[in-house]
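Per Swiss-Prot, the feature DNA-binding region maps to 479-498; the stated evidence is sequence analysis. Feature annotation from Swiss-Prot assigns ATP binding site to 215-222, 278-287; the stated evidence is sequence analysis. The domain 'Sigma-54 factor interaction' annotation in Swiss-Prot covers 187-416. The 4-aspartylphosphate annotation in Swiss-Prot covers D57, and the record cites sequence analysis as its basis.
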Amino acid sequence: MSFSVEVLARIAIELQTGIGHQDRFQRLISTLRHVLDCDASALLRYEGRQFIPLAIDGLAHDVLGRRFTLEGHPRLETIARAGDVVRFPADSDLPDPYDGLIPGQESLKVHACIGLPLFAGQNLIGALTLDGLEPDQFDTFSDEELRLIAALASGALNNALLIEQLESQNIMPGSPVAFEHVAHTEMIGLSPGMMQLKKEIEIVAASDLNVLIGGETGTGKELVAKSIHEASPRAVNPLVYLNCAALPESVAESELFGHVKGAFTGAISNRSGKFEMADNGTLFLDEIGELSLALQAKLLRVLQYGDIQRVGDDRSLRVDVRVLAATNRDLREEVLAGNFRADLFHRLSVFPLSVPPLRERGEDVVLLAGFFCEQCRLKMGLSRVVLSPGARSHLLSYGWPGNVRELEHAIHRAVVLARAARLGDDVVIHARHFALHDEAAPAVAQELPAIANENLREATEAFQRQMITRALDQNGRSWAACARALEMDVANLHRLAKRLGLKG
């Protein structure tokens, strides 16, 4: 089989139609999957030694949230280094990053795999991956035909990257024209609320306005602050962080503004405060609503006049600091209650941002779950960590009162539990590995630190013993019934139990 002119024209047309780059990329991937008759296709962007999925077809939705590092995925590293079409043999020992991620075929391994690196000049900017479940699925397509596909995709991706950078430079006039991508903090999410937030971040980052970031606990307000700073003209200067809720009143003023030697007992030398450290940069004040009224007055003066006084010093110091503040409180209500100064509130909230709670972000839950699964896979040295369809449905049906932080902890705990239930480094997370109850949500966060402080092998074995013992008790001490409950082969269960000291 070879590509006809009509097929190539169709691919080119798909790259010119659609609203926005994302739509065009999705049309490209869907068309390629149909034309090449493959089981899965993906367009990936290369950034900071990792591949970031931009569009997928035939793969689980959580793939869009995963970040595939070169170190963790040898096939993708091979594609990145190749410079040309890569065909992996059906019996390749290199694990495929999409094994277990093709819906309806979770238990099957990917057999046929082609990688097309995408270049802008000599620079790698991305890759196309084509996967099939039959070993000879792509044998009828020549390398020359695949290079034509790669050339079309490279042009489309490069144009999108150039437009993205030009738009950013138009917002910030005077920036040097340089088309070299710099990795920034990434906010994962494609829901309308998150897309709107990203747009607002892009707008306000280019200015020097103070920003008040509101949102529930665990939504990612610090990540928003980092994104604003990194996209701002101040990005080359420091971003200094201060948690106002953790400041004892006795040292709060010194932490903010510094002190001179002898200002108080224990002040044995001059010390710069956070404002001085952030000079020409950005100061992020987390939990701003916890500051006392006295400190609020002094903070207001800095915002008004741009000068500070160290504790114990009569001299003023000029500082040039952009302030980003975050709170999980309703500061308007705090103003009405007399707990927060109205003038400070108006100074801080020149451009307010609101981070949506996870329960309002729809499918973003699955993307974030994929991101955390990939993190766990790398940290624990596993070959793969995938979510079963039931697990995805379970995550989508939960309300997430603890937001993204709770999801992260829940995924980490589920990975440990899922690994304990089976042999090997292939981990499949099922709904039963989650204990998601609104009233019990804090318990997830409380349990994880204890696990993290233990030796990983010992913690895993302890979970395995606990689960096997419980399953035996619930199944009348029948090893066969226990194996069925744990979804294990009974012979493997006997071997595992013997290794764990549960059998003689």
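Including glycine, each Cβ sits where the backbone N, Cα and C put it.
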Chain-internal residues, separated by at least six, CB under 8 A from G218 (ATP binding site): L358, G402, N403, V404, R405, E406
Cα distance (Å, whole number) from D57 (4-aspartylphosphate) to L285 (ATP binding site): 42
Averaged pLDDT, computed only over the residues in the DNA-binding region (479-498): 75
For G215 (ATP binding site), the number of other Cβ atoms found within 10 Å of its own Cβ: 19
Cβ neighbours within the same chain of D279 (ATP binding site) - under 8 Å, at least six residues apart: N237, V319, D320, V321
Helix, strand and coil totals (DSSP H, G, I; E, B; other) for the DNA-binding region (479-498): 16 helix, 0 strand, 4 coil
Rounded Cα separation (Å) that holds between T282 (ATP binding site) and D57 (4-aspartylphosphate): 41
C-alpha spacing of K221 (ATP binding site) relative to D57 (4-aspartylphosphate), in angstrom: 32
Surrounding CB atoms that lie within 10 Å of the CB of K221 (ATP binding site), all protein chains: 24
Secondary structure of D279 (ATP binding site) (DSSP, helix/strand/coil): coil
Recorded positions: D57, T282 - member with fewest neighbouring CB atoms within 10 Å: D57
Other C-beta atoms that fall within 10 angstroms of the C-beta of L285 (ATP binding site): 24
In three-state DSSP terms, the structure that G218 (ATP binding site) belongs to: coil
